[in-house]
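Asks: Starting off with a structure, shown below.
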Amino acid sequence: MAEGGDNGSPKSSPLTPYEEALEALSSLITKRTRVGDVNMEERFSVLFQYLKARKLFMLELEEAISNMKIIHVAGTKGKGSTCTFTESILRNCGFRNGLFTSPHLIDIRERFRLDGVEICEEKFLAYFWWCYDRLKEKTDDSVPMPTFFHFLALLAFKIFSEEQVDVCIMEVGLGGKYDATNVMQAPIVCGITSLGYDHMEILGNTLGEIAGEKAGIFKHRIPAFTVTQPDEAMNVLKDKASQLNVPLQVTAPLDVKLLSGLKLGLEGQHQYVNAGLAVALCSTWMNINGHLEETHLKQIQHTLPEQFVKGLATASLQGRAQIVRDEHINNEISNELFFFLDGAHSPESMEACARWFSLAIRDHNLTLFSQKPDPSKFSNEVVKTHGGEAQKSAQILLFNCMSVRDPQILLPHLMKTCADHGVYFKKALFVPGLSLYHKVGSHALTPTDSNIDLSWQFTLQKVWENLMQGNKGKNNGVASEDLTGMEMSVSNCEHSAVFSSLPLVINWLRDRVQQNKSTRFQVLVTGSIHLVGDVLKLIKK
């Protein structure tokens with residue numbers, strides 16, 4: 001198979017069996033567009049044809065899905081974190097679980113987790129080809145092959161049914177009503193995380209419209225939980241719940257005292273909101289399935305079981321408030337390069353990201369330098385290393401976002417929140433994404449291309465420069481420093497630069513570390529979960 005297939009046709013670079021599966025999966029990715037002539041309702045209705053056992057169709061998953069004990073989670077912000085907390089809690093309670101999330105950062109198998117671990121390559125291949133080959137054989141013009149995400153959701157149901165998990169935690173990909181995960185008819189409990197403005201070209205231009213799409217996961221009489229929402233969104237959620245006789249409850253953020261002195265496994269103050277929702281989902285799921293008595297269910301609001309605390313404290317999720325040291329930097333030099341990774345891409349999550357980064361670098365510098373800096377100027381504080389050599393830290397922003405998002409909203413939220421905490425970036429770097437949107441796997445990386453369209457990156461740079469000009473005199477006296485080596489960039493301005501590829505940015509940063517022995521570089525990577533994934537691919541090689 002690795003030599004080019006049964007027909008003997010030569011291939012320029014032989015593929016492994018796993019790469020062959022990723023090639024087949026890539027063929028299901030439609031032309032990438034956020035808006036278009038796609039009828040989401042019509043496409044969603046076709047999903048039920050793939051599940052059928054009668055006639056020629058197809059995957060025979062109807063009964064399996066109906067027997068699953070599913071927790072279904074939608075929302076704008078925090079649904080991945082909420083699902084992660086939920087999975088960790090129930091796993092620590094002794095339940096075998098399956099977790100389906102999106103997107104992945106490095107490997108497609110991250111989307112399918114069994115007992116907290118991404119599915120192994122052998123099982124993935126077996127389940128993938130079972131679904132793919134059967135669909136390829138049975139589909140036709142009237143019922144075509146499913147699209148990329150639809151296929152992944154179907155694959156998740158197949159994996160979790162065959163693996164006989166006790167609980168299946170499904171994160172909605174986009175919206176709710178017409179999301180592929182919503183083919184389930186009877187989940188055990190549903191959750192709606194914080195709502196905000198995102199994917200408006202698909203979900204609507206108001207919070208009410210967006211809430212209506214998310215509430216599409218509500219099912220008749222199935223209990224549901226949400227967090228505190230803006231009135232416009234909450235009113236829609238309550239109305240939708242009333243129409244379906246859904247007992248909808250609003251959860252409070254988790255009280256830190258319930259953690260018995262431990263910290264949440266996911267960083268950021270906003271995670272207490274997600275943790276509170278996860279506790280409600282888990283306790284309700286356990287109660288309905290006979291694993292938690294009603295009296296104990298009520299006590300959980302005041303005292304968390306030890307397994308719940310351990311689950312919350314040990315939860316982990318790549319690309320969300322994650323700090324990674326660049327291992328390529330020579331350990332013999334005293335300064336280092338750290339990447340602070342967060343896939344924030346909405347105004348609210350950008351603020352949360354900025355708060356996390358600002359506090360994280362203070363704690364980071366306290367740990368690294370073992371000396372307390374002035375909290376009003378800690379982002380540029382000169383301190384002493386253990387050897388007595390003067391050292392300082394410098395913050396750099398590495399940013400990209402999709403063109404459907406508004407940098408005139410995102411970047412001011414980021415800049416102001418950081419500034420409120422005394423953090424000012426030496427330079428903002430703008431770069432196109434590395435991954436191709438029509439491919440997955442190791443072949444899904446673009447080569448360095450000097451002819452790549454950088455018009456969007458120039459737009460981002462212009463927004464940043466205008467913001468910096470407007471904020472002159474408000475930056476606590478921190479002057480912009482021109483960092484050397486800018487010949488590697490295609491556009492260098494006073495406060496920012498545009499690079500044509502991510503590898504060039506990483507190389508430039510590594511050069512700066514080598515040439516600035518007294519500076520420790522801390523790079524905030526945000527604006528796109530795909531950019532975060534691309535950075536992880538490069539620095540973890």
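Each residue, glycine too, has its Cβ placed from N, Cα and C.
Where the annotation comes from TrEMBL, it is an automatic prediction and has not been curated.
These came from TrEMBL, pasted as-is:
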type: DOMAIN; residues: 73-247; note: domain 'Mur ligase central'
type: BINDING; residues: SER102, GLU171, HIS199; note: Mg(2+) binding site
type: BINDING; residues: ARG320, ASP342; note: ATP binding site
Asks: Output, ordered by sequence, the same-chain residues six or more apart from ARG320 (ATP binding site) with a CB under 8 Å from its CB, or 'none'.
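Replies: In sequence order, GLY80, SER81, LEU266, GLU267, GLY268, LEU341, ASP342, GLY343 meet the Cβ cut-off.
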Asks: Does anything in the same chain, at least 6 positions from SER102 (Mg(2+) binding site), have a Cβ under 8 Å from its Cβ, and if so what?
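Replies: Set apart from SER102 (Mg(2+) binding site) by at least 6 residues yet with Cβ under 8 Å, we have ARG111, PHE149, LEU152, GLU171, GLY173.
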Asks: Just how many other Cβ atoms lie inside 10 Å of the Cβ on ASP342 (ATP binding site)?
Replies: 26
Asks: At a 10 Å cut-off from the C-beta of GLU171 (Mg(2+) binding site), count the other C-beta atoms across all protein chains.
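Replies: Its Cβ shell of radius 10 Å holds 26 other Cβ atoms.
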